[in-house]
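A.B. asks: Swiss-Prot feature annotations, pasted as is:
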type     : residues                                                                                                      : note
ACT_SITE : Asp152                                                                                                        : active site, proton donor/acceptor
BINDING  : Asn7, Glu388                                                                                                  : Mg(2+) binding site
BINDING  : Lys14, His212, Leu213, Gly214, Asn215, Gly216, Asp286, Met287, Arg288, Gly334, Ile335, Gly336, Glu337, Asn338 : ATP binding site
BINDING  : Arg95                                                                                                         : substrate binding site
SITE     : His184                                                                                                        : site 'Transition state stabilizer'
SITE     : Arg245                                                                                                        : site 'Transition state stabilizer'
Amino acid sequence: MNVLVINSGSSSIKYQLIDMEREVPLCSGLVERIGEPMGKLTHKIRPDAEGEEKLTFEQPFTNHVEGMKRVVELITDADKGVIKDKSEIGAIGHRVLLGGEEIKQSVRIDDWAKGVIRDYIPLGPLHNPANLAGIEVAEELFPGLPNVGVFDTEFHQSMPAKAYLYPLPIELYEELKIRRYGFHGTSHRYITKRTAQYLGKPLDELNIITCHLGNGCSMAAVKNGKCVDTTMGITPLEGLMMGTRCGDIDPAIVPFLMEKKNLSPAEADTLMNKQSGLKGMCGMNDMRDLHAARENGNERAQLAFEMFTYRIKKYIGAYYAVLGRVDAVVFTAGIGENDDFVRAEVCAGLDSLGIAVDPARNAVRNGQPRHISPDGSRVAVLVVPTNEELEIAQATLDVLKG
């Protein structure tokens, strides 16, 4: 079966059509700047494979429906298409940010599921409305085709109350559902399953610390194959220092800044989400630019690098304590998979925990799951490339199979 995976943003649609018999993407792409005077569509045929072909188009897209119609035209094009017509698509899997406590696993989209997504718009004001728009577009363009929602928060629903509750008045949780939800769950779940396969260990016996490090960063403590804690909270702002997000700070800083800088709640939110993290410390949110600046003696870039890796190291220690026994520390996503400097610095000084990195292995980049720890290490340190689209497609099939 071919599964179309959709990740709908407020002004974008990211998509991938996957042949699930071979687990190979037939095409992928991104529609950008929806609603602006001029939009852009980047479409790849046979992505990440020999003979990959990239097509780029610039045209206005008034709304998500227009953008998705153009995608369907490309997928089924007589010359460049990868399928003959829409009937060769068996199901659609949607990435959805927040399903709250009501949705603990991937679900077939119906009125109830859409209602839950709407109910959590106050906690996911940017993503949930956009995700819902993507679902409604798919329902319009592919009538009768099953749509499945795969939620970023699913994997973390196994956390115990002691991990997900905040020490605020309990009435605020009961009334407003203020609690830790966690995000990047689709990636953490994929990495957990892939690590079990790679190590040849039963999933229900696997204890690992997963480190999803990209422009957004999160970690998870996984015990017996299930998440027991994660760094992101009620929003993706909590936890690690990120590209533009501050991560953990003293909450009293927020009202202090609002008073001293005369900031509105929205302005304070923008400061913490868009102007902080690596960008706030040194003006750069791309780790590659930061490394170049460090090499040229930029002290703020060096400090930002040290802060970034220090906070990851702290959470490794905390999650080691939570798990008691750790089979592996696993790095994934853009920085986690490709940045040997970050991995080396994070693991430096953790020998007493059985965590160490072999410099030669750490320098290898081959796109495959691999050890970067020395032979005989008590804890394996791994690089495992993530594949959220494949995980969404697999979850979609699992729901349809019942």
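Every residue, even glycine, has its Cβ placed from backbone N, Cα and C.
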A.B. asks: Around the C-beta of Asn7 (Mg(2+) binding site), how many further C-beta atoms are within 10 angstroms, looking at every protein chain?
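C.D. replies: So the number of other Cβ atoms within 10 Å of Asn7 (Mg(2+) binding site) is 23.
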A.B. asks: Of the recorded positions His184, Asn215, Arg288, which one has its Cα closest to the Cα of Glu388 (Mg(2+) binding site)?
C.D. replies: His184
A.B. asks: Name the residue among the recorded positions Lys14, Arg95, His184, Arg245, Arg288 whose Cβ has the smallest number of other Cβ atoms within 10 Å.
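C.D. replies: It is Arg288 that, of the recorded positions Lys14, Arg95, His184, Arg245, Arg288, has the fewest other Cβ atoms within 10 Å.
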A.B. asks: Translate the DSSP assignment of Asp152 (active site, proton donor/acceptor) into the three-state scheme.
C.D. replies: coil
A.B. asks: Cα within 10 Å of Lys14 (ATP binding site): which of the recorded positions Asp152, His184, Arg245 qualify?
C.D. replies: none
A.B. asks: Residues with Cβ closer than 8 Å to the Cβ of Asn215 (ATP binding site), same chain and 6+ apart in sequence?
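C.D. replies: Within the chain, Asn215 (ATP binding site) has Cβ neighbours under 8 Å at Met242, Gly243, Thr244, Asn285, Gly334.
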A.B. asks: Listed ATP-binding residues Lys14, His212, Leu213, Gly214, Asn215, Gly216, Asp286, Met287, Arg288, Gly334, Ile335, Gly336, Glu337, Asn338 - what's their greatest C-alpha to C-alpha distance in Å?
C.D. replies: 24
A.B. asks: Just to be sure I understand the packing, how many Cβ atoms besides its own are within 10 Å of the Cβ of Glu337 (ATP binding site)?
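C.D. replies: Result for Glu337 (ATP binding site): 18 neighbouring Cβ atoms inside 10 Å.
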A.B. asks: Could you tally the C-beta atoms, other than its own, that fall within 10 angstroms of the C-beta of Asp286 (ATP binding site)?
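C.D. replies: I get 14 for this one.
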A.B. asks: Check each residue in the chain of the residue listed as 'active site, proton donor/acceptor' that is at least six apart in sequence and keep those whose C-beta is under 8 Å from its C-beta; list them in sequence order.
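C.D. replies: In sequence order, the residues whose Cβ lies under 8 Å from that of the residue listed as 'active site, proton donor/acceptor' (at least 6 apart) are Arg95, Val96, Leu97, Leu98, Gly182, Phe183, His184, Gly185, Thr186.
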A.B. asks: Using the alpha carbons only, what distance in Å do you get between Arg245 (site 'Transition state stabilizer') and Asp286 (ATP binding site) once rounded?
C.D. replies: 13
A.B. asks: Restricting to the same chain and to sequence separations of six or more, state which residues have a Cβ under 8 Å from that of Ile335 (ATP binding site).
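C.D. replies: Residues satisfying the criterion: Leu213, Gly214, Cys217, Met287, Val342.
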A.B. asks: Roughly how many angstrom lie between the C-alpha atoms of Asp286 (ATP binding site) and Asn7 (Mg(2+) binding site)?
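C.D. replies: Asp286 (ATP binding site) to Asn7 (Mg(2+) binding site), Cα-Cα distance: 23 Å.
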